[in-house]
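Q: According to TrEMBL, the transmembrane segment annotation covers 15-34, 46-71, 78-97. The annotation domain 'HTH LytTR-type' is assigned in TrEMBL to 210-297.
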Amino acid sequence: MKLMEKRLIGRNESIVFYFSVPALAGFMLGWHQAGLGQFMSVWASIVSWIIHFEIFWFVGLFALVIARVLIGGITGNLAVHLMFSSVLTVLIVRPIFWVTYELRLSYVLNAGADPVETVRPFIFFEPTLDFLAALSDLYLQDVLLWPLTTYFVARYGWLPFSLLRTGKAATPEMKQGRHSDGETSFGKASPPDIARLPFILRLKPQLGTDIITLKAEGHYVRVVTEKGEELIYYRFGDAILQMAPYGIQVHRSYWISNSQLNHEDTVLAGSELRLKNEMVVPVGSTFIRGLKEALEKNTR
């Protein structure tokens with residue numbers, strides 16, 4: 001029953017994410033008949049703006065996927081991915097918007113004309129120097145402005161949601177599962193959905209999200225779950241930063257999950273930690289104190 005509820009919730013969230021958000025933005029502008037909407041009926045304006053926002057939204061998501069493929073091996077930083085994808089979005093969306101704007105303008109100015117003849121010149125248009133010059137003017141301001149705007153939205157856009165959920169704007173450290181004194185929180189804050197973390201999205205779905213350990217191997221991270229393991233190209237530092245609410249680093253090359261700390265079969269012997277699955281993990285001298293405190297907290 002709980003699994004079914006999770007699937008339904010996940011499906012509903014996807015519908016909201018992919019359709020409702022851009023539709024709401026388009027409805028608001030369309031209702032107020034922004035832009036060329038002032039020359040249309042209210043409902044024509046709403047439909048026009050919703051279509052534009054849906055196109056922009058899906059092109060943006062497509063560009064984000066392309067960004068992950070192209071630069072995912074270089075960095076796992078979501079803000080950088082969004083900045084890169086915003087440039088791709090501008091390059092793809094601008095010509096679409098330019099043509100559709102001209103189509104709507106032509107429709108408004110020639111409302112009584114044959115719709116086929118009105119649309120034909122813009123469907124079979126030929127790029128000219130004037131057309132390219134106009135696009136370059138539009139691109140220049142967007143290519144400079146959009147990445148900066150996107151970065152700040154990615155970096156600080158979660159603040160209003162944190163304010164609504166908790167009544168206070170969490171600091172970046174709290175968002176990463178750490179308190180101001182640097183200690184990792186164990187169940188004190190509501191962690192983000194682990195299945196949506198950029199790091200977890202790189203794993204094969206069949207491995208699940210029940211992470212046991214992470215191990216740094218050069219430029220790769222070996223991820224061990226309850227269902228198997230996988231070696232992925234990812235920065236270890238970025239991975240443990242995202243996974244901070246779910247576990248603790250015990251060595252410069254090892255991270256273990258809170259589920260291992262909670263298990264009675266997990267034993268710390270000298271500079272080694274024996275986990276419930278009989279895996280032995282080395283413990284660095286600088287991490288022993290924090291690990292002992294974490295074990296004590298989780299055994300109370």
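The backbone N, Cα and C atoms fix where each Cβ goes, and this holds for glycine too.
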Q: For a three-state summary based on DSSP, what are the helix, strand and coil counts in the domain 'HTH LytTR-type' (210-297)?
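A: Tallying H, G and I as helix, E and B as strand, the rest coil: 24 helix, 37 strand, 27 coil.
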Q: Mean pLDDT, the domain 'HTH LytTR-type' (210-297)?
A: 82
